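These notes are about the structure you will find just below.
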């Protein structure tokens, strides 16, 4: 049976676009279809035998001393297949001398060529092959091996490698010149491994060869089981016995579609992957980029995004665009309180941590022959972050992906508005709406569910709609990384030992940020309590305390913390779905009732489950300003209004038995008027840049965000459109933007 499931959806999208776009000689699209069918043939080979290996080779790659030879022999015994060690079975037999003798005879550069030639003359199938540490440095021979093999990277701690090499009395490896330390060369070697591996075995320190071999077999099984990691809607109804199973989605499909067709949100069908204690401890000394790659590789199947490609995306996303090399550092404030600073990205808010990466995930997942219009509702920070993120795509991707962001015209700070407007690029536009965020978000959901309109856009313009709000799984997933990273930083800095619990307090509006922390706990981070901090729009606090989500007689208040001025928290549905054991029927009932009757009540057992992990409270406007003032006076640190809300709630709710990580979601300079009011600075009526310079003169922590300061100088004269709070009006604007971009 051909396993077309994973590629069938993209094929259907491509064929749909073929029917309506003028692509009589679209070679790129033809190549895409060819690649799709080739992938199906590859999957056929993976499933054509009961053997784990089949006709493929398992190719073990890693640094010298990683244990490839020993692990390969164990795997060969388990599978009953041929084991080939490149050193012993290919090189030495070809050269009739030892590898060390050959290296001494010809030198480093010539050795790599001779080694590559020997491998090119070798061919086998259904075997376990243990590479040399230097094989990955010869491209041609690696391509030769990769054609019929699954390359497994044995990622062993460097300290273990060095200790093994010392025990083996190996003091020189290929490429090592006099004066070069072994540890430095090993670090240098890793760059050659990044582009080759299909799957990684992340080894904890001291892991035995038998344990590593079992991990290899599990990773190969996962790699070959291409249909194992699927997503369902939160409103998915499980079939009864004898009924046909409702189709699930793959990661790439969930990212492309954004919102499920039944109005629900995509969630993993199975549990989150979990790291063991040893694996987490290995990440304590890792960089943010290294942590992100390990965690996201475990959450994204390589059939959706190959590991090597994912690694490049992560390096691009968290590279030069962040003004702090630590990306998301943790700062000790006082006592047991710590600030997780998530504002060092290009637009100064926590949204950058996901929206610098998500556009690259999205561009990889979509078929090259279709145009996509990404619709985004923003309560302040998402708008500029999504426009900036998608503007960083390459030229070809920007020609087929456009972004329209809708923000409440009078519901965000002046700086946020200027930032959104100033972030418009050739593939991204800003649209003010004469209403609040809840209307913007609800309107976009209604547009997605309007099959007549979305079908018209596909037929008329060959354009498909998607989303980049946290309702999109590709947007939410990267946020898990910084919650895990914050805990690891506390361990690294010596404040706690791994396994000690922490609480997290998060200013919460749409529930995505705090939900990402829940997912971090599911992956193994020991978070004890999730403290939900609300402002005057405290519908979530009331719900967590009572189980009653009630919007009746409740009007949205505009506050100093506009990003959490939200009454309809979309991602709450994901968490309730988890608590209710994935009861899609219940989710459909609850959220249809919320839409029609503006409230719902969950049963007592669900309230109790919710309150096992969650506590909540809210903060008034006066308390928010007072917290900014007192924190600056006491610690020389300026909180933005959202972080101030969390600080107030933390002070009120914590029991001081464990550390509390307070999530700082934005840089204070984005809310200069509120900060100046809190600090009792008189000169409020100034331009944005003047306000920032004035705040900068206080020499407070965190330092002034220079990238934001530069952008304010560019943003004051750009134009944007404003529309009425009417879904049909928004549809009209979406169609006009599509015409301008793609026709």
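For all residues, glycine too, the Cβ spot is worked out from N, Cα and C.
The domain 'Threonine synthase N-terminal' annotation in TrEMBL covers 247-318.
Other Cβ atoms within 10 Å of the Cβ of residue 351 (N6-(pyridoxal phosphate)lysine), summed over all protein chains shown, number 33. Feature annotation from TrEMBL assigns N6-(pyridoxal phosphate)lysine to 351.
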Averaged pLDDT score, the domain 'Threonine synthase N-terminal' (247-318): 96
Secondary structure composition of the domain 'Threonine synthase N-terminal' (247-318) [DSSP: H/G/I, E/B, coil]: 37 helix, 5 strand, 30 coil
